[in-house]
Structures are given as structure tokens and as C-alpha cells.
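Everything below concerns the one structure shown next.
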Amino acid sequence: MAGNSIGQHFRVTTFGESHGIALGCIVDGCPPGLEISEADLQTDLDRRRPGTSRYTTQRREPDEVKILSGVFEGKTTGTSIGLLIENTDQRSKDYSDIKDKFRPGHADYTYHQKYGIRDYRGGGRSSARETAMRVAAGAIAKKYLKQEFGVEIRAYLSQMGDVAIDKVDWNEIENNPFFCPDVDKVEAFDQLIRDLKKEGDSIGAKIQVVATNVPVGLGEPVFDRLDADIAHALMSINAVKGVEIGDGFDVVSQKGSQHRDTLSPQGFGSNHAGGILGGISTGQDIVANIALKPTSSITVPGDTINVDGESTQLITKGRHDPCVGIRAVPIAEAMLAIVVMDHLLRHRGQNHGVSTQTPKI
């Protein structure tokens, strides 16, 4: 079956293609009474929006979201929320050269083999343009989580190529176009992007996303563990090739005496687990990292084949991001918010009223 939906109680279904008429989504399960407006959603959409800086694609889309249903007099009604964003800056002619060719490193070949037909304009459904609707839906989840439970979800670019941050200042993230929390690395990121543009090449990136004030108890063992669903959601983001929860792959070189998060009446002694044990939230910060590959949409010639299986070469035309990780920051926030929101509603539905004698630390 088609995989266009995520979540069970808070369910998001998206539709639309990169060069289609519009993008849209349906959000089911949002509790009634939440004050929400298009302006609330637009804030995060503007952070993801293309054409806002010289470091990202110059496709200029206003990404103005319209709320079509599920909101009355400024509040959610508990019914399906319909959202729509019209595409306004398509340049389909930029992709005429790849109509019968497969871009190496993209979904062209696999979509063609799976469906027997593909929308070659900007990648069609496989384009990261689709993630605009995830961000819009995630903004609803973020507002509910923050307003009702004090849960805050934030992310930042922690590495681009070989340039990695040394410190995290949350106040700096929105002060630069890289969502970088280390002001001393902004210039290095800038230089890297300028060099890549001269070379016609691209680079990978790493993003950390954190949820704070998450209640203890979220997650549904065994198959719907919280960390499993987070990994699923983050892995579904375009270009993501790796997901870590907590210390992630660093645990390979750790000993049990180092990795275990000891407990005391004052709380946990560390957070190597990333806020999740046994697939259930501990009440600590949920910490995840994602690795994004360098986009293959570059002007460096590459070998490929056409639809007849014949060898050919391809130089990608169009407007593309030298580092897709930059605009993926609000997308990572949105996907984590959707998962936490879904699990919070699921937990409340089954375990509301559950209490123990053990104090929460």
C-alpha cells in the first residue's frame, strides 16, 4: 500500500508533487480547542522555505499555507484539518533533459521501475518539496505540545562536511542562515558553501534534534517503541541515510559502566540513552541525530543510463541546494513533533490515570 501517511492517533497524510499545482495534507486526530492560525504554521514554513538565502536553492516559493478545514473561529474542531500550499515557481523546462534519463543518486530509476511511470519534473513526489506539508503539520503538533505540556522541540545543524560545531548556544540558531548554534563556525560554513558553488558540487550534513520536557511513559513496546517510531519518521526525510538516538553508534566503543544512565533521587546521572529506555520515554531530553547525504543534483558530469538502458552522461540543471541539510532543520523538528504528539495521545488514551508510588525523577 502507498506510504503517504504517518501516525496512528495523530495522523498526517500528505499529497502533491514538486511541479504540480499544489501540495497538501490532512491532519487527523488533533484535539479540539487548540487555537491555531495560518500565521502559526507560516513561521516554521518560512524557516524551511526555498529562496530565502544565497546558501540554498533559488527556487522562490512563498509557501503560503491555507487552512481549508478543521478550524472554526480560530480553534481546532477535532475534525480533519486540511492544509494546502500552491506551487508558484515551477521551471519544468529545466528538467526536459532528464525526461528519458536517470539522475544518478536520485529516485528516478527506482520510481520508474516500481511504477512504470514517473513525474520527472523536479523529482515529482520524491522531491523534498513534499516536506513543506510535514513542516505545516508539525507546526500544529509543536504548538499543542508546547502549550499543553511544555514540550519544546528544537534542532540545529551540527556539522557540514568536515566542519563541525564545538559548542551549542540555542540563542544563536535563528541568527544565521545555517541554523548553527556555534557563532564561531558560521564563517567556515559560509566559505564551504561558496567553494562548493564554484566547484558545482554538494556536501552532506548532520543535524541534532532535541525534545525537552517530554513526559515519562511515552512509547508502545514492542513494535511501536518510541525510538523505533522516531527513527522511522526521521529516516523518511529526503536524503537522510542514518539516524542515531542518544549516543548512537558511539555506544560501540563504550563499556556498560560508561553507557548506563545511573539513577538517584535527584535524577539521572547522564543521558547516553537519549531519553528513551525500553522504547519508553524517561522524562529526560529526547536526543536524535540524522546524517544527510550530499545531493546528486550537481553540475559535475556523471555517468548514467537512459530508459532504453543505454549509457549516457548527465549534467543536472535547475535550482538546487549545495547542502540539503540546511533546510532540513525545521523538517527534523516537524517529524519529531509529529511522533511525540502521536505517542502522547496514544499514551493518554490507554494509560490515563496510571500512577505509581515511585516519584518521577
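Quick reminder: no glycine exception, Cβ is built from N, Cα and C everywhere.
Around Arg48 (NADP(+) binding site), the same-chain residues six or more apart in sequence whose CB sits under 8 Å from its CB are Asp63, Thr131, Ala132, Val135, Arg327, Pro330, Ile331, listed in sequence order. Arg48 (NADP(+) binding site) falls within a helix when secondary structure is assigned with DSSP. Here Swiss-Prot flags Arg48, Arg54 as NADP(+) binding site, drawing on sequence analysis.
According to Swiss-Prot, the FMN binding site annotation covers Arg125, Ser126, Ser127, Asn238, Ala239, Gly278, Lys293, Pro294, Thr295, Ser296, Ser297, Arg319. Following the DSSP three-state reduction, the secondary structure of Arg125 (FMN binding site) is helix. Residue environment of Arg125 (FMN binding site) contains 19 other Cβ atoms, counted within 10 Å of its Cβ in all protein chains.
In the three-state DSSP scheme, Thr295 (FMN binding site) is classed as coil. The most densely surrounded of the binding-site residues Ser127, Thr295, Ser297 is Thr295 (count of other Cβ atoms within 10 A of its Cβ).
Counting Cβ atoms from all protein chains shown, Lys293 (FMN binding site) has 17 others lying within 10 Å of its own Cβ.
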